[in-house]
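A quick write-up on the structure given underneath.
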Amino acid sequence: MVSLTVYFILLSLYLILNVILTVAFLTLFERKVLASIQKRKGPNWTGFLGILQPLADALKLILKENPVPQNASSVLFFGGPLILLILSLSAWFVIPFNNETVVSDINIGILYVFMVSSLNTLNIIVAGWSSNSRYAFLGALRSIAQVIAYEVVIGIIIINIIVLSGSLNFLKIVWAQKDLWYAFVLWAQFFLFFIAMLAETNRHPFDLAEAESELVSGYNVEHSSVLFALFFLSEYANIILLCHVATILFLGGWTMPDLYFFIKFFSVEYYVSIDEFFYTLRSNFYYITWIYHSLVYIIKVYIYLFAFIWVRATLPRYRYDQLMRLGWKVFVPLTIGLVFISISLTLFFDGFPSEGGYINHFFSSDIFI
């Protein structure tokens, strides 16, 4: 029992360290991609090809002064960013990186992540109010209204996933897509979810909570030094988290569709599934399947991250009224209609699946025999 507890503690610490390092080098990746799109070189002086630039930025922030505004609530001013980071990191404990690596495999994993993400909105309003700044408070109000609008969209889209997979467990949702990813079945929800992710994380072109020409830098305008770094870490941790969630919900996590490659040996033809091939090699090299699944999963996540950066480099910013109108008058009715269509089609074909997901249930039904 003690050894199991120590194992989970070490795994949790490893996960937190991994997230923080990923955030650090995601900033370098983002600056390099933006520089490439804009025909610049980007950071290339600090270390080989600028690889130490995140470390230099971290040291710069740590060594800066951390003034507290007059009449600010000191407890909330310092506690807001810290609680925001803790909530951002706590959502990671139910995210599976492959079939064997997950800190806590709970049956309501998707509901847990959605709940923890919703709690972040309370800390944003606390951070904006505690600094006693009009700009920070207006930025917090904007952020809250924006996040609530697009959390509704994300929640409705998640209902589609639950209907098709028959589960709220991340692992079961992944394996329900082993024959066909939900990105192909729910292609409209796939694109709507990506747009809602941009709005949920206050990313361009929906970064209206920190519009420089209107609100200086949003709800964290009075925070500097380590407190600003905590906001920065929590924001990018949420971006990476949503990319992981989207990969699991729509791109099948670490699974690949049953692509078959051809083997000809002594005039005998074999058709071997890629997943089955790696499971066969597992008897000789135990970690081969773990490595293969992890690489597939990481590549999918970085495709999402690249899309985030590409959107930032190419699209203009929306007006605030346009963003809210798009959320409440277009996305919410559209996603509700898509939910009813998904439920109707599911009931029309074979009813709700009890195990394995609707797609697997559909492909194994009599219609394909």
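Placement of Cβ uses the backbone N, Cα and C atoms for every residue, glycine included.
According to Swiss-Prot:
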TRANSMEM  6-26  transmembrane segment
TRANSMEM  43-63  transmembrane segment
TRANSMEM  75-95  transmembrane segment
TRANSMEM  108-128  transmembrane segment
TRANSMEM  144-164  transmembrane segment
TRANSMEM  180-200  transmembrane segment
TRANSMEM  226-246  transmembrane segment
TRANSMEM  248-268  transmembrane segment
TRANSMEM  291-311  transmembrane segment
TRANSMEM  330-350  transmembrane segment
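Here the transmembrane segment (291-311) sits against the transmembrane segment (180-200); at least 3 CB pairs are under 8 Å, leaving out pairs fewer than 6 apart in sequence. Sequence-remote contacts of a segment are chain residues at least 6 beyond its ends whose Cβ falls under 8 Å from one of its Cβ atoms, and for the transmembrane segment (6-26) they are 54-55, 58, 89, 92-93, 103-104, 232-233, 236-237, 239-240, 305. Remote same-chain partners of the transmembrane segment (180-200), defined as residues 6 or more beyond its termini with a Cβ less than 8 Å from a stretch Cβ, comprise 117, 146-147, 149-151, 153-154, 157, 160-161, 164, 206, 238, 242-243, 246, 249-252, 257, 304, 307-308, 311, 323, 327, 331, 334-335, 338, 342, 359, 363.
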